[in-house]
Amino acid sequence: MAASFRLAVAVTCALVLATACQGLQVGYYKKTCPSVEHIVRDEVKKFVYKNTGIGAGLIRMLFHDCFVEGCDGSVLLDPTPANPQPEKLSPPNFPSLRGFEVIDAAKDAVEKACPGTVSCADIVAFAARDAAYFLSRFYVKIDMPAGRLDGRVSSASEALNNLPPPFFNITELVGSFAAKGLDVEDMVVLSGAHTVGRSHCSSFVPDRLAVPSDINAWFANLLRRRCPANPTPANDPTVNQDIITPNAFDNQYYKNVLAHKVLFTSDAALLTTPATAKMVQDNANIPGWWEGKFKAALVKMSQVEVKTGMQGEIRKNCRVVN
């Protein structure tokens, strides 16, 4: 690992939590499971090449995992009689969160090669990294540190309490990210992941389509044609988050923010302070700027409140605790 990257990881760890990066390092499995990152990447590739939306889901999965109980694979746990309402059944995750089958396939393949060695939490982090790599047409290359352990706690109510909803304003967004040790620029940069994926109409209707609104009139009319005026669980279609380059992991999201062609209140909120608006402009207009920032921000987020030592375990099956 290059000295400069070691320093960057060390600085990031200090910013997140004093203990957050204990044991996390790039190449963590070099001796115990040297093929793990290739195995995960091969599985992600199979799924993403069939359906780019799965790639968007895997990036979102890491975010939704890390913001609730830390980056510990708790979002993967299925309901049980003892815990009928885990994170994955919380409204921010169900039914919209995708990619669980990719994690299952990767874990199965990794277990065959290196039984009982690699955590589900690390597989989630590797899969998000690989999804960004494929969706960016191999442009976004991230050195992802590993060494996370899997958590044993998963609560739907904690997901509701910790995941920033699409109607948050800028103050609420900044507070939500700050609670996880992430700063304003991290928030703006990670929001750029909305350059891929789809959203249910209920995430922005009727709020964003009310009159008056800052939303572009042509874009609002397009959304009105695609979404019911009052979405219900039985009638809640999805639309692309980025209508210009929907399947490309690129900086188009920020151009859409500037053009007022974004779905969420939380997307439009990035223009409501001079500092965040300047970040949006730089991400939109300077080639390669956002992609470089995203690499660092994703790694920083992947280190939030990780489990180490006796705090966690290495699950045999990602859907159930040992």
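Here the Cβ of each residue, glycine as well, is placed from N, Cα and C on the backbone.
From a predicted model like this one, the values you see are computed outputs, not experimental measurements.
What TrEMBL annotates here:
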ACT_SITE  H64  active site, proton acceptor
BINDING   D65, V68, G70, D72, S74, E87  Ca(2+) 1 binding site
BINDING   P164  substrate binding site
BINDING   H194  heme b binding site
BINDING   T195, D242, T245, D250  Ca(2+) 2 binding site
DISULFID  C33-C114  disulfide bond
DISULFID  C66-C71  disulfide bond
DISULFID  C120-C318  disulfide bond
DISULFID  C201-C227  disulfide bond
SIGNAL    1-23  signal peptide
SITE      R60  site 'Transition state stabilizer'
Of D72, C120, H194, C201, C227, i.e. the recorded positions, those within 10 Å of D242 (Ca(2+) 2 binding site) when Cα atoms are compared: H194
T195 (Ca(2+) 2 binding site) to D65 (Ca(2+) 1 binding site) - Cα separation in whole Å: 20
The residue listed as 'substrate binding site' CB neighbourhood, other CB atoms within 10 A: 21
Spatial separation of C120 (disulfide bond) from C114 (disulfide bond) - C-alpha basis, Å: 13
E87 (Ca(2+) 1 binding site) as reference: those recorded positions from H64, C66, T245 with C-alpha within 10 Å of it: H64
Rounded inter-Cα distance in Å - C66 (disulfide bond), D72 (Ca(2+) 1 binding site): 7
Nonlocal residues around C318 (disulfide bond), in sequence order (Cβ under 8 Å, 6 or more apart): G73, L76, I103, D104, K107, C120, I123, D150
Spatial neighbours of H64 (active site, proton acceptor) among the recorded positions G70, C71, H194, D250 [C-alpha, 10 Å]: G70, C71
Residue with minimal Cβ packing [other Cβ atoms within 10 Å] among the binding-site residues T195, T245: T245
By Cα-Cα distance, the member of recorded positions D65, V68, D72, H194, C201 nearest T245 (Ca(2+) 2 binding site): H194
Rounded Cα-Cα span from the residue listed as 'substrate binding site' to V68 (Ca(2+) 1 binding site), Å: 11
Non-site residues, in chain order, whose CB comes within 8 A of the mean position of the CB atoms of D65, V68, G70, D72, S74, E87 at Ca(2+) 1: H64, C66, F67, E69, C71, G73, V75, G151, S154
